[in-house]
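Below is one structure, written out as structure tokens, with a few remarks after it.
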Amino acid sequence: LGIYLAALLANGLIITAIACDHRLHTPMYFFLLNLSILDLGSISTSVPKSMANSLRDTRAISYSGCAAQVFFLVFFISAEYFLLTVMAYDRFVAICRPLHYSTLMGSRACVKMAAAAWGTGFLNAVLHTAGTFSIPLCQGNAVEQFFCEIAQILKLSCSDSYLREAGVIVVSACLVLGCFIFIVLSYVQIFTAVLRIPSEQGRHKAFSTCLPHMVVVSLFVSTIIFAHLKSPSISSPALDLVMAVLYSVVPPAVNPLIYSMRNKELKDALRK
């Protein structure tokens, strides 16, 4: 409850500050606004139902409710990852192509890129939800997680019947890997350009705009990769629970703090 309220408050403040302060109507803050909306959506998909079940001392969720939870969680998390890729491109253009920034990152281009992130997340969610719930489940109905997680649902499937969803997972993994490589290459070029800046103040300003995004991407990617690619030999219900909390609950609460800590413009807008 504490983490959920912190996420609601922090993301709500960022959304309000960016929407109300005309000085923050720039591409970087437009994408940050979208990120905060996605964070609110992802944490609100799993945590409230878990808290309600805890208060009622039950673990039950309807079949349609479970399908909806899978859809919205995959939708928000996928869209957030694709948006982080777009934000890496925004920082790359701002630092490596500053003279072309207003042309490449115009308002129409930003809206199209944000819409592409949301649309790709939606398509990914449709494919995963359809693939997961078209599988016959014959290993019981107990999901060993505090929300309906695809990996845990697939454990309930009949032998070899999960191959359709496995195919969707492979396609998504390739897409995620492609985005990750793009982010890494963008930051290699960004750091190369920043180190060429002669003034220390200029380098500091460039690093301060890029560092929060790097921290958010690292936290987001590392927890998801470890949660889903860890060896079965070290898997346990307690570890699975901790990893699920780390990638689905912690980032929405921590992201606003990371972005506002070193950002003077945003802190001024929040005070205002």
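In case you wondered, yes, glycine gets a Cβ from its N, Cα and C as well.
Not measured: the values here are computed from a predicted model.
Copied over from TrEMBL, here are the features:
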type	residues	note
DOMAIN	10-259	domain 'G-protein coupled receptors family 1 profile'
TRANSMEM	29-48	transmembrane segment
TRANSMEM	60-84	transmembrane segment
TRANSMEM	169-194	transmembrane segment
TRANSMEM	206-229	transmembrane segment
TRANSMEM	241-261	transmembrane segment
Exercise. Is the number of Cβ-Cβ pairs under 8 Å between the transmembrane segment (206-229) and the transmembrane segment (29-48) three or more, considering only pairs separated by 6 or more positions?
Worked result: no
For this session: Give, as a single whole number between 0 and 100, the mean pLDDT over the domain 'G-protein coupled receptors family 1 profile' (10-259).
Result: 85
